[in-house]
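Student: Take this structure, written in structure tokens, and hold onto it; I'll ask about it next.
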Amino acid sequence: MKTLLLDLALWSLLFQPGWLSFSSQVSQNCHNGSYEISVLMMGNSAFAEPLKNLEDAVNEGLEIVRGRLQNAGLNVTVNATFMYSDGLIHNSGDCRSSTCEGLDLLRKISNAQRMGCVLIGPSCTYSTFQMYLDTELSYPMISAGSFGLSCDYKETLTRLMSPARKLMYFLVNFWKTNDLPFKTYSWSTSYVYKNGTETEDCFWYLNALEASVSYFSHELGFKVVLRQDKEFQDILMDHNRKSNVIIMCGGPEFLYKLKGDRAVAEDIVIILVDLFNDQYFEDNVTAPDYMKNVLVLTLSPGNSLLNSSFSRNLSPTKRDFALAYLNGILLFGHMLKIFLENGENITTPKFAHAFRNLTFEGYDGPVTLDDWGDVDSTMVLLYTSVDTKKYKVLLTYDTHVNKTYPVDMSPTFTWKNSKLPNDITGRGPQILMIAVFTLTGAVVLLLLVALLMLRKYRKDYELRQKKWSHIPPENIFPLETNETNHVSLKIDDDKRRDTIQRLRQCKYDKKRVILKDLKHNDGNFTEKQKIELNKLLQIDYYNLTKFYGTVKLDTMIFGVIEYCERGSLREVLNDTISYPDGTFMDWEFKISVLYDIAKGMSYLHSSKTEVHGRLKSTNCVVDSRMVVKITDFGCNSILPPKKDLWTAPEHLRQANISQKGDVYSYGIIAQEIILRKETFYTLSCRDRNEKIFRVENSNGMKPFRPDLFLETAEEKELEVYLLVKNCWEEDPEKRPDFKKIETTLAKIFGLFHDQKNESYMDTLIRRLQLYSRNLEHLVEERTQLYKAERDRADRLNFMLLPRLVVKSLKEKGFVEPELYEEVTIYFSDIVGFTTICKYSTPMEVVDMLNDIYKSFDHIVDHHDVYKVETIGDAYMVASGLPKRNGNRHAIDIAKMALEILSFMGTFELEHLPGLPIWIRIGVHSGPCAAGVVGIKMPRYCLFGDTVNTASRMESTGLPLRIHVSGSTIAILKRTECQFLYEVRGETYLKGRGNETTYWLTGMKDQKFNLPTPPTVENQQRLQAEFSDMIANSLQKRQAAGIRSQKPRRVASYKKGTLEYLQLNTTDKESTYF
């Protein structure tokens, strides 16, 4: 079985990409009045005779379809493409090994561009299941066979032979029946004989009965599978047998070969499943003596195929297979006729999903399909008459309505009194003895009930008198400041959330505890609430958190509950970094989590608390040893449950709590654990309130449940998946209890230990070691991320403050002010900035300044200077501080000023085309003081007369000129750099009087593309000229149809993200040290 499932996965990977072309091929072969059917022909045990007989059946069906379409006035062509398996590649004499064969045939059809409108075949369950997955639910499939449970409830698959699901429904119905003259007992036990040599149909029928999570197993109290012939033979006369009923599958010859002439106990009933054999209804057939203890389950006979050319030499079982292929053709013809008459396209998903919940005219009469496309039929239960030695009909069963109809009310059975015996041995003692024992038992029971009631009354009285554990507030201690709440590997934890967590965590009796708000103000609990609290005190179980009592703090009442270090299960599932899927949270760990919750709930349901009422993944917590514990139980009269995604549908409709409601909540949690997705994950709905509404209001439709992807489950996962689906059944009575859930998971969990030859403690230690290694890796990884983040922060600081200042702040926490003997300071501003703002929107002004100053910043980066600040349109730069650089400060400022002026000669505004932007530049050198001012948003500021003079040099300058003081020129003369300058003459500087100033015009042997400054010297004329330029620019914009840009939320993103947002981790050494 495991090998086959691995084949399924492998072939899915190999062939899945090829099916993407199905839709185009189907469109080619299903249009313009020509429709093609793809028929897969596979030779195996399901149809051992020559495949030519199946081809004859298909051809006969095609002739019938063509005639029916012609009679309906539809002039279309219907043909079939036959694809045969390659016996040299696939030597599969058994359907149970034909997975690859079916996929290979499908690939051949696809490569040949002959993909038809519908796929007929194969009969093998494995092949059908895999091909259904690979056609991606968009292609109709009709199968003659595919009996297994894995092919149930497939949206585009139709099965024309009775599947195992129908057989289970009959057996459960018959077992429960107890109101017939010949069956007065309900049965609840059975043996199932299965040796692995059965035919294809029998293999899957018995496989369904064997599955521990199937409907049949769920309804029976006892079921044992017999796998050896000797086991079957021993049961026939074993007085200690647990059941009188044995189910097997095959014909009378198979039974005789197994049983022979051995004696059989008089209470034994053998149910022989032989559905596809109508020889029992022949007039000349006599039942052999060994069939007297046997009830034969078969299908109602059909004689239409007996004289057909293609089936004349076939065995009865093979005739049914051939008939299914033929009816598959007729079914397609029926649906094709309907769609063509309605003018609809058959290559749409609607056609693929239409083969269900209908009745069509088959070869031997009407054929009915149920809501899932499975054929409905009439099953017949036969018995051997001891008078006539003939097979007679005992009852019939209609699979469509799931109802039994008795036929022979006075059968001549071999069993005593012509009644079917009880299924359990030894239920036939004398009536007097039954009466004696019954009376004795009733008296004992009454005495026991009276004793229990008296005991319960005394305990309840004690509980009412006893005061629950109310802890004095002085025994609750806050956590120490050096105690952390939980281990966290995130470097950006929310400190506010951490503070709230601290308020809810305290210490009691030297243990860390959680304080649960009970929404109670005064602590005067009612009698019922006191009983609930006392019940909680008595619970002490490994998978349930301990309740220590209540405490009153301020005006609030808290429950004091055991603390679990790793937080809730929901948090663990969300943390894919600390608990990765591949190395830690594997399938075995998920099973152990489910097992822990099931054990805790099983104990809780058997305790006095009886029910949880608020079970969800956030109420399941994980301790330091990775053990899952349930919390927040009890106190249902204090904290009534609310509607949530975990709430059972019956409690959404009517507020209540129940054990079956807890089982539903467990199913939702199990889906979270298995898929590790959000609560109630489903692709069809994302909104929480809508999910709750759809669960509450099913309105007779298919119940709304989260996705579980049963089709892709591996073999080891399938049993758990089916268990989860049973937990969220709409009918609460169909849900298993936690005892059964615990038993099932214990068996599955035990298999892991047996395979690895290790105990539970070995597994726990191994998991903690694995977690420790993973934690070390994560700590190392987070350390690297921290260092990278620290370097990123340093780079950002260096853009705001000088490097030496940042280093001093990090090392000392402050920067000492310092006096610098000689520095050079640069000032510039935009001429006519106020006028430009008048004709621009605020966002256009921001865009303009951002474009200009980003370019200034790039120029500044190439010189040994420090950008001090920008205020409006003013730009201030200094050199020679905080790191002294000799005479370089004047050279760097001068070169920088020339490059900035050269750039401004090429700059043009987008919203005012043609308008030149004029700037004034002033430069001055001298002493100044510098230091960091303030704590919030600290800034490195300059102080002294040099700063004021540099500002005066700018304000007294002219547009597109670099106004330089005499002190700066004197420093430049002391250097080897030959700067070009002109004497401006005497200039009045406020606070300093008249001084000789200069125009910096360039540098020898280096060309700067400086703009030509305006020739007008008079200030008023300059303003008039600038106003004329703006007016011309506005006319150009209007003529070109350029509209003012609408304000943008982040104007600076226009030409790329701000540089400080582009900072990333760096490979350079950190500057932290």
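Every residue gets a Cβ built from N, Cα and C, even glycine.
Since this is a predicted model, take the numbers as computed values, not measurements.
Marked as signal peptide by Swiss-Prot: 1-23. Annotation source Swiss-Prot lists topological domain 'Extracellular' at 24-430. Residues or ranges marked as N-linked glycosylation site in Swiss-Prot (evidence: experimental evidence): Asn32, Asn75, Asn79, Asn195, Asn284, Asn307, Asn345, Asn402. The annotation site 'Not glycosylated' is assigned in Swiss-Prot to Asn357 on the grounds of experimental evidence. Under the heading transmembrane segment, Swiss-Prot lists 431-454, citing sequence analysis as support. Residues annotated as domain 'Protein kinase' in Swiss-Prot: 489-749. Residues or ranges marked as domain 'Guanylate cyclase' in Swiss-Prot: 824-954.
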Student: Nearest of the glycosylation sites to Asn79 (N-linked glycosylation site) by CA-CA distance, picking from Asn32, Asn195, Asn284, Asn345, Asn402?
Tutor: Asn32
Student: Provide the number of Cβ atoms within 10 Å of the Cβ of Asn357 (site 'Not glycosylated'), excluding the reference atom itself.
Tutor: 11
Student: Write down the Cα-Cα distance for Asn32 (N-linked glycosylation site) and Asn75 (N-linked glycosylation site), rounded and given in Å.
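Tutor: So the Cα of Asn32 (N-linked glycosylation site) lies 10 Å away from that of Asn75 (N-linked glycosylation site).
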Student: May I have the DSSP-based helix, strand and coil counts for the residues of the domain 'Guanylate cyclase' (824-954)?
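Tutor: When I sort the residues of the domain 'Guanylate cyclase' (824-954) into the three classes, I find 52 helix, 39 strand, 40 coil.
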Student: Compute the C-alpha separation of Asn357 (site 'Not glycosylated') from Asn284 (N-linked glycosylation site), stating it in Å without decimals.
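Tutor: Here the two Cα atoms lie 39 Å apart.
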Student: Please determine which of the glycosylation sites listed here (Asn79, Asn284, Asn402) has the lowest count of neighbouring CB atoms within 10 Å.
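Tutor: So among Asn79, Asn284, Asn402, the glycosylation sites given, the one with the fewest Cβ atoms within 10 Å is Asn284.
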Student: Taking the Cβ of Asn195 (N-linked glycosylation site) as centre, how many other Cβ atoms lie within 10 Å?
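Tutor: Within a 10 Å radius of the Cβ of Asn195 (N-linked glycosylation site) lie 15 other Cβ atoms.
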Student: Residues with Cβ closer than 8 Å to the Cβ of Asn345 (N-linked glycosylation site), same chain and 6+ apart in sequence?
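Tutor: In sequence order, Phe339, Phe351 meet the Cβ cut-off.
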Student: Give the number of CB atoms, excluding that of Asn32 (N-linked glycosylation site) itself, located within 10 Å of its CB.
Tutor: 8
Student: Looking at the glycosylation sites Asn32, Asn284, Asn402, whose Cα is closest in space to that of Asn195 (N-linked glycosylation site)?
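Tutor: Closest by Cα distance to Asn195 (N-linked glycosylation site) among the glycosylation sites Asn32, Asn284, Asn402: Asn402.
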Student: Would you mind reading off the Cα separation of Asn402 (N-linked glycosylation site) from Asn284 (N-linked glycosylation site), to the nearest angstrom?
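Tutor: Cα-Cα, rounded: 32 Å.
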Student: Give me the CA-CA distance between Asn284 (N-linked glycosylation site) and Asn32 (N-linked glycosylation site), in Å, as a whole number.
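Tutor: Counting only the Cα atoms, the answer is 53 Å.
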